[in-house]
Each structure stands twice: as structure tokens, then as C-alpha cells.
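A.B. asks: Here you go, one structure.
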Amino acid sequence: MGSLGDCATRRTRILKNHLCHRHSSETVRSLDSNACLSYSPPELNEKQDFDTKDMRQLLDAHHIEDRDWLFGVVRQSKLFNPRERGGRVFVSPDYNQSMEQQREMTMRRIGYLLERGVFDGWLTGKGPEAELRKFAAFEVLGMFDHSLAIKLGVHFFLWGGAIQFFGTNRHHDKWLRNTESFAIKGCFAMTELGHGSNVRGIETVTTYDLNTEEFIINTPCESAQKYWIGGAAKHATHTIVFSQLNIGGKNEGVHAFITQIRDADGNVCPNIRIADCGHKIGLNGVDNGRIWFDKVRIPRENLLNSVADVSPDGKYLSAIKDPDQRFAAFLAPLTCGRVNIAVSAVYISKVGLAIAIRYALSRRAFSVESSGPEVLLLDYPSYQRRLLPLLSKTYAMSFAGNFLKMLYVKRTPDSIKTLHVVSSAFKATFTWHNMRTLQECREACGGQGLKTENLVGHLISEYDVQSTFEGDNNILMQQVSKSLLGEYLASQKKNKPIKSFGLDHMNSPSSVFSSQFSTTSMRSSQFQINMFRLRERDLLNRFATKVSECQAKGKGKEYAFFLNHQLADDLGRAFTDRTILDTFIEAEANIPAGSLKDALGLVRSMYALICLEEDAAFLRYGYLSTESAAAIRTEVAKLCGELRPHALALVNSFGIPDTFLSPIAYNWIDANSWSELKH
């Protein structure tokens, strides 16, 4: 007991001294001199070795003035929810609004943009110039709000695009101008409850009534209900229905039909039932709905007939006799959606990186020396390692996205297959990259990344859907590998060189690499592209061999694919990485010697080497030794340090106005001050 009593007495004395202690004047002076943190704009201390306007021209590639005009159009209206923080005005949707309010705001914003002529020529304009102008506007609006972009994408690119590409003059004349003016509001009814990526398996059935010259569309079972149809729940007046076409008891496969689902007053049409899909993890400004068709009759002329038609007397007509080729022709025009999604993902990665890197250039934490100043977040090598490789990948994908857009706007019948493969590969890879980038940016911003107004966290839920719609990413990558295999086997069968998909490198002997990797060799674009080609060549050979072995044992081709899905995944990634690097090298080659080219050389090397480091295939299949892999890892760390001084200039080159970023990208102290709260 005595020892316990002594212990209690001692604790009491310590507490008394602590509570009653009068600080010496020296201690008080020390506390008073500890000044509060203040915000210092990174522009005051960060160098800029190259012209960011020139870099932006390379990244955006087209319609810079139109983009800046549209940025201004958005800034001018209170419809885009402007709010002042830290002396700057920012715009972004109010995600605290109810689902109904968000949907209403999306339509009001569309009305505002329509009045200002933003959509002029989106469907009636012709040629690559008109299409690229539309892409530029879509990219700008997507940086403001994904719901706005998707609402427009469904109306113009899916509904409008289907009429353009599946329809003929009779459809163009009747529907396109009214679509461009929003006199009618379109949606796109392909996905069903029971079938998403497997479009060929959809269960909606359409028959032809010879007596009335009408088609009859029917939902035969619950799994055939149209699902996730953007615009259907509230606003759309018409839809494109994808359905099996049954003529005279024979199923002719999937076809597309124009069908009215609401009248001009918004009332649902007879024999049609519509339900709301409800609240989602993101995109609540889009009214996704479900549709049932109860033997709905439509005129014969509403069949979109560029690929196939039905005559008044009920004969099925098509110049394409092979059902597989006919089905492919139906789906080919839908690549536009994948192009949009892929490029959109790159721009949202830019938004996340611009916010996170600007914050990291003004926020400090901890000291590396006793009594030394706190260190900027981006001066920590570990922090650089988190963000700068993602920045380099975003640059690489930006050049690749421009390549994809040009491939699309200059498409020809001969290039459709390449467009399908490249758009599938890029859509999957870019959207996966976007999610990874946003998550890393959210974590890199610490607690501030959790605030909705700072965007980086909330954008994750808004853009998560990109990995699913317009084709599940994993399925798309499987399609890429199957296409590569088909091209490879066809060339072998004909004993001719491979020409498609950039695989012509397989017609030459494989490169030989030194066992010693130096900085000079690892940063050589020739070394980098040769390494990527080595991986792609070997994986395609392995995949072909494994599939052939399975078939030799009596297995079907699809079953052989299933058994070798891991090789297919590796091959899809190898093709995509190599194609992206090809586009980067081509973009870099056109730049004259100087600081801009030097900076891009660092970015390109970072992209190439981080791909070499991250893909286990390089070690798994023996393309790299463990010593070489270690050398590459060391080189990546060096590149992080060399890219660090260019970080601000690289994100400023994105050309995103501060209005479209968030408070933590600028004066985050003032933005969180008490006076700001009162204001």
C-alpha cells in the first residue's frame, strides 16, 4: 500500500507543477515566433523550361480556341454552380442535390448550351473537321460533369450515331436535324437485364405484319427488359431498339428500330412500360431506365436499313449474306462510343493529376533534418514515385487518344477492323488507368481528397462505370487478343507477311539486347520499342501455339481461348502498351530539338520503363533478367527526380482553367479559413 501511496503522491505533484507552471519569458517568445503556415503559389518557385502553350497544342491537338470558348461559356452561367473559394471561382455540379434535382440541372444545362449554339453541326456537319470539333466540345463538357457528357453522348453519339450509320437518307432527312435541335430526345435500347456485352444473345423479338406493313416489337420475358437505358426514365421521347428480327419464322439476327416511347407532353406511349433504375454510385444526373415493349407496332420504314431491309411484301434483303459479317457491320459504327470514353478517361486523369500535383507543390509535411523546415510533398521521392509515373502514362495516353480520334474521323472500310481493335484496347486500358490515377490522387491529397468539392475523391464514383459500359473491359481485351491471333494465323496460312495492327515488326528478326543496361540504353526510344515488340511477338507466338495445341486435342476454338485467358490478357496488354508507345515516339519525332523535346523525352522514358517494371510478363517469360529489372527500377527512381522540376509545367500544359479544378489546387488555406466560411 505504501508504494501505491507514494506513486499517487508523485503523480499529484507532477500534475500540480504542470498546471500551475508559469512559462518563462524565453518559452513564451519561442511560442510567439512560431508563425502560422501560409500558402505560396508554386509558380513563384517552380521553373518552366518549355512553353506550356506549345505542349498543350501537342496534347489537345485540335480546336484549342473552340475549347477555350466553351470553357468561357460554362464559366459565365450560374447553372454550372459557381462558388468562390480562396479568392477564386470554381465550377462543378452540386452532388448534394437529390437525384431528381441533378437530372433537372443536367437538362437545364443542355438547354443553355443549345441556345449558345454549342451543338450546331454535331449531326448535320460533315467530314473530319466537324467530328473533331464535336470531340473537342465533348471533352471540355466532360471535365465539368460526367452526367452532362453521358446525357449528350447517348443523345448524339448513340441515338444520333445509330441513325447516321445504321440508317439511310429517309432516316437522316427525318430525324437528324430534329435530334440536333432537341425537338426530339433520343436514347439507345441495346442492353437487357439478361444480356449486356453479349449483344448477339438479346431476347427482345420483332416480327413483321405483312397485312399492315408494320413491325411488332415484344419483350417476351423479364430478362429481355431493356436495362440501364440512359435518358429512358424521364426525358427521352424516342429510342433505338435492338432486337432479334424474325421473318417468316426465321431469325435473321439483331437489327435496330426507331421507336417512340413518349409523346410531346412526356406521356409514355401505349403498350410501353418504363421504370426507373434508381439511385447509382455516380452519374445521378442521368435518368437510366428500364423498358418493356408489349407488342408495340412501328412503321416498316422505322427499320434502320443500311445493312439489311424488309420489303413491303415481307422479304428479307441484305447484300451481306453471312450472318456473322452482317452482325459485325451492325456493331462497327458503335466504336465512336469507345473512342469518346477512352479519350474522356484521359482528360479526367489530367484533372486528378493537376489537382494532386499542384497541392503537392504547396503542401508541406515533416522535416528531414532536426529543426529544419517542413518538406514539400512532391519533394519526397516516395511521393514522386506515386504520381509522376501516372503523369507520364497520362501524357502517353493523350498522344494515343489523338491517334485514335484521327483513326476514327478518317476511317475507311479497310480500317474498320483496326479501329475496332485499337478502340477496344484503348477504352479498357485508359479507363483502368483513370481509376488507378484518381485513387492515387485521392490518397495523395490526404483528408482533403475526401471532400467532394475537391473532386479527386468523388470523381472515382462518377467514372467507375467507364470500365463496364460500351463493353466490359476484360471482354474487350479478350477481343483484342482474338483479333491479333486471327491476323497471325491468317498470315501464316497464306504464307504472307503480317500487315495489320502494327504487327509488321514480326516480319523481321527479333532484336538482340545487351545483358548490361545503362542509362543511355534504357532511355533510347529504339531500345524501349524493341523491348515492347519482343514481348508482343513472343506472347502472340505462345498464344497461337497454346490455342493450336488445344484444337489438336479436339477442343473448340472458344474453349481453347477460355483455357488460355491469362496469355490472352498478357497479349492484350502487350499490344496496347506497344501501340501507345508507337504514338508517343511519332509525336516526339515531329518536335524540333530544344527544351520541349527534352522534357518529352523524359516523360516517354518514364512511360516505357514503368511499363517494363510493372508488367510481370517481362520477368515471367524471361525478357528481362532480375538484374535488368533491378536496373530499370533504379532508373525509374532517377527519372522521378529529373521530372520533379517539370511537374508544374507538365500539368499546366493540360490547359485546364483553374475554374475546372478545385480549391486544394490553389490557396487551400484561405479556402478553408473561418472568414471564408462566414462569407
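Each residue, glycine too, has its Cβ placed from N, Cα and C.
Predicted automatically and left uncurated, TrEMBL annotations should be read as such.
TrEMBL lists these features:
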ACT_SITE  Glu470  active site, proton acceptor
BINDING   Thr191, Gly230  FAD binding site
DOMAIN    187-296  domain 'Acyl-CoA oxidase/dehydrogenase middle'
DOMAIN    334-485  domain 'Acyl-CoA oxidase C-alpha1'
DOMAIN    527-661  domain 'Acyl-CoA oxidase C-terminal'
A.B. asks: For a quick check of understanding: among the binding-site residues Thr191, Gly230, which residue's Cβ has the most other Cβ atoms within 10 Å?
C.D. replies: Gly230
A.B. asks: Using DSSP, break the domain 'Acyl-CoA oxidase C-terminal' (527-661) down into helix, strand and coil residues and give each count.
C.D. replies: 112 helix, 0 strand, 23 coil
A.B. asks: When you measure from the Cβ of the residue listed as 'active site, proton acceptor', which residues in the chain that are at least 6 apart have a Cβ under 8 Å away?
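C.D. replies: Counting only residues 6 or more apart in sequence, the Cβ neighbours of the residue listed as 'active site, proton acceptor' under 8 Å are Leu334, Gly337, Arg338, Ile341, Lys427.
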A.B. asks: So what's the mean pLDDT when you look at the domain 'Acyl-CoA oxidase/dehydrogenase middle' (187-296)?
C.D. replies: 97
